Amino acid sequence: MALPVYYDKDIDLGVIQSLQVGIIGYGAQGEAQALNLRDSKVKVRIGLYQGSLSVSKAKKEGFEVLGVKELVQQSDVIMALLPDELHKEVLEKEVIPFLKEGQIVGFAHGFSVHFNQVVLPKGVGAILVAPKGPGSALREEYLKNRGLYHLIAIEQESSKNNAKAVALSYAKAMGGGRMGVLKTSFKEECESDLFGEQAVLCGGLEAIVRMGFETLIKAGYPEELAYFECVHEVKLVADLLHYKGVEGLRKHISNTAEFGAIKAREPMGNLLEKRMQKILKKIQNGSFAKDFLLEKSLNYPRLNTERKALKETKIEQIGEILRAPFNHKK
């Protein structure tokens with residue numbers, strides 16, 4: 001691997017155990033991280049605004065809940081586990097004014113720091129600890145004595161505590177050292193994460209799935225078959241990719257499917273490469289971040305319109321029917 005990788009044997013858990021951790025936010029990531037840290041004998045408190053619906057949940061799970069200002073004043077390490085677009089508003093009002101030299105502020109994604117939404121005072125550390133998976137998987141893997149890969153990065157050093165040692169120790173407390181903790185930068189994590197979401201995992205995959213479905217429908221094929229071939233079976237392929245890689249996927253499909261994939265890749269590849277380069281450039285030059293923050297300032301008009309329209313599409317209507325047996329089993 002090109003990136004440095006650290007495992008449990010390389011990391012001192014005592015570093016984070018000696019510090020008071022405060023987590024701002026108690027969504028999927030906040031809850032999972034808090035529970036994992038506590039099970040790793042780390043002192044954890046939760047910071048929430050007054051009236052938050054998460055207060056009762058956090059208290060029910062045995063955590064002390066403070067206001068954000070109070071949490072900052074009583075913590076050595078403060079983790080900002082809030083949506084990216086809220087970092088600037090919350091941190092500028094309730095975190096930064098109350099920070100002292102030597103404290104460390106942590107993030108699970110590099111967006112707000114990399115795009116200068118958040119600038120921390122000199123002497124305050126800025127670290128990234130990013131589990132490579134959702135909160136549910138982070139908790140489930142920890143309880144199975146396994147873990148998720150974690151990324152760490154250091155943007156700014158603390159005048160008191162070694163930021164790298166703290167980031168590594170925090171990742172170990174969440175189970176990251178069981179799988180591997182990779183050291184990167186805020187820039188690399190942020191830009192690659194956004195690109196993966198837009199070009200492949202969310203934007204790219206959704207576009208291919210929907211276009212494939214519509215192509216079959218317009219050609220007169222039944223909606224059920226179009227859904228099975230273009231949506232339902234994505235999980236089968238994704239699981240093979242996840243566990244066995246591209247070569248392993250090839251070994252588990254028919255010769256017909258493999259030859260067809262190679263033939264289809266040739267015309268699609270050139271077009272996709274050019275489009276992906278444009279997507280990456282807009283991420284790198286800050287255009288996407290600017291557009292997203294403008295969308296937030298206008299109260300998400302495009303997101304709301306798209307979400308409403310999606311419910312009315314054929315792919316969702318037939319999908320809801322075909323997914324019903326699976327959801328019923330859960």
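We number each residue from 1, going along the chain as drawn.
Backbone N, Cα and C define each Cβ position, glycine as well.
These numbers come from a predicted model, not from an experiment.
According to Swiss-Prot, the features are:
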- 3-184: domain 'KARI N-terminal Rossmann' (DOMAIN)
- Tyr26, Gly27, Ala28, Gln29, Ser52, Ser54, Gly135: NADP(+) binding site (BINDING)
- His109: active site (ACT_SITE)
- 185-329: domain 'KARI C-terminal knotted' (DOMAIN)
- Asp193, Glu229, Glu233: Mg(2+) 2 binding site (BINDING)
- Ser254: substrate binding site (BINDING)
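Location within the structure of each feature annotated in Swiss-Prot.
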residue: Tyr26; record: NADP(+) binding site; contacts (Cβ under 8 Å, 6+ apart): Ala34, Ile46, Leu48, Ser52, Ser54, Lys57, Ala58, Leu81
residue: Gly27; record: NADP(+) binding site; contacts (Cβ under 8 Å, 6+ apart): Ser54, Leu81, Gly135
residue: Ala28; record: NADP(+) binding site; contacts (Cβ under 8 Å, 6+ apart): Pro134, Gly135, Ser136
residue: His109; record: active site; contacts (Cβ under 8 Å, 6+ apart): Asp84, Leu128, Ala130, Glu189, Cys190, Asp193
residue: Glu229; record: Mg(2+) 2 binding site; contacts (Cβ under 8 Å, 6+ apart): Gly212, Leu216
residue: Ser254; record: substrate binding site; contacts (Cβ under 8 Å, 6+ apart): none
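In the domain 'KARI C-terminal knotted' (185-329), helix, strand and coil residues by DSSP number 127 helix, 0 strand, 18 coil.
There are 18 other CB atoms within 10 A of the CB of Asp193 (Mg(2+) 2 binding site), with all protein chains counted. Across the structure, Glu233 (Mg(2+) 2 binding site) and Gln29 (NADP(+) binding site) place their CA atoms 29 angstrom apart. Note on Gly135 (NADP(+) binding site): other Cβ atoms within 10 Å of its Cβ, all shown chains, come to 19. The DSSP secondary structure for Ala28 (NADP(+) binding site) is helix. Sequence-distant neighbours of Gln29 (NADP(+) binding site): residues of the same chain at least 6 apart with a C-beta under 8 Å from its C-beta are Leu81, Ala108, Pro131, Pro134, Gly135, Leu138.
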